[in-house]
Amino acid sequence: MNLLIMGLPGAGKGTQAAKIVEEFGVIHISTGDMFRAAMANQTEMGLLAKSYIDKGDLVPDEVTNGIVKERLSQDDIKEKGFLLDGYPRTIDQAHALDATLADLGLKLNGVVNIDVDPNSLVERLSGRIIHKKTGETFHKIFNPPAGDYDENDYYQREDDKPETVKRRLDVNIAQGQPIIDHYRKSGIVHDIQGNQEISEVFVDIKKVIESLA
C-alpha cells in the first residue's frame, strides 16, 4: 500500500500519519527524516543536499527529488509500502514523483487529504501563549493558564501571531491545491473531515485505506 498524506499545518497530519504507520505497518517517509538519513549515510544526494544546507541555501527540487528516489528504491518499500508525508510540496515535485514511481515500477494507491477549515486552523495555531517569567507554554483555548490570568504576563512568538499564521496557511493552500487537483484527476484523492476528534478522523482514514487494500 503506497500512500500520500496531505493537510494544512495544524490539521493533525503528523498525528494521523503515526496512527497509519502503527495500524498498517507502512514505512513513514517524512522529508526531514529522509534528508537526515541521506546525509548521515553520505549518499550521493545526501552529500549534495548537505552542501546546500551548510551554506544556508535552499535545497533545489532536483536534489530533493533525488533523495526521494533513493529512499523509494530501497527494499523495505517494496515489502511494506510507504506513507509520504511532507512531499511533494509543489506541483513540479508531484510530476517528479510520478516519474520516480513509474521508473521504480511503483504506484500511488491513495492520497489521504485531511480537510480542515483554514479559519479554525488560524484559531488553533495562533492560540499559543508563553509566560514571560517561566517560559511555560499554554494555549488560549485548549490549554489556558489556571484561573483568571493576566494577559500582560504572557507573550506570543511572531510565528504564532494570527496574521503570520494566516500568511503561512495561504502559502500552503496556494502550493497544495494544485497537487490535490493533480491527483484528483486520477481519482485517488480521499477527503477526510478533519474538524472532528482525533480518533474519529482516524476511523474515517482507516475505512479509506482498508477499501484500497
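Each Cβ is built from the backbone N, Cα and C atoms, and glycine gets one as well.
Arg128 is the residue from Arg128, Arg184 that Swiss-Prot records in the ATP site together with Gly10, Ala11, Gly12, Lys13, Gly14, Thr15, Thr137, Phe138, Gln196.
Neighbours of Arg128 (ATP binding site) among the binding-site residues Asp57, Val59, Tyr87, Arg89, Arg157, defined as a Cα within 10 Å of its Cα, are Arg157. Long-range Cβ contacts of Gly10 (ATP binding site) within its own chain (separation 6+, distance under 8 Å): Val116, Leu121, Arg124, Leu125. Beyond its flanks by at least six residues, the region 'LID' (127-160) meets no residue of its own chain at a Cβ-Cβ distance under 8 Å. The most crowded of the binding-site residues listed here (Arg89, Arg128, Arg157) is Arg128, judged by how many other CB atoms sit within 10 Å of its own CB. The 10 Å shell around the Cβ of Asp57 (AMP binding site) contains 9 further Cβ atoms across the protein chains shown. Fewest other C-beta atoms within 10 angstroms, among the binding-site residues Tyr87, Phe138, are seen around Phe138.
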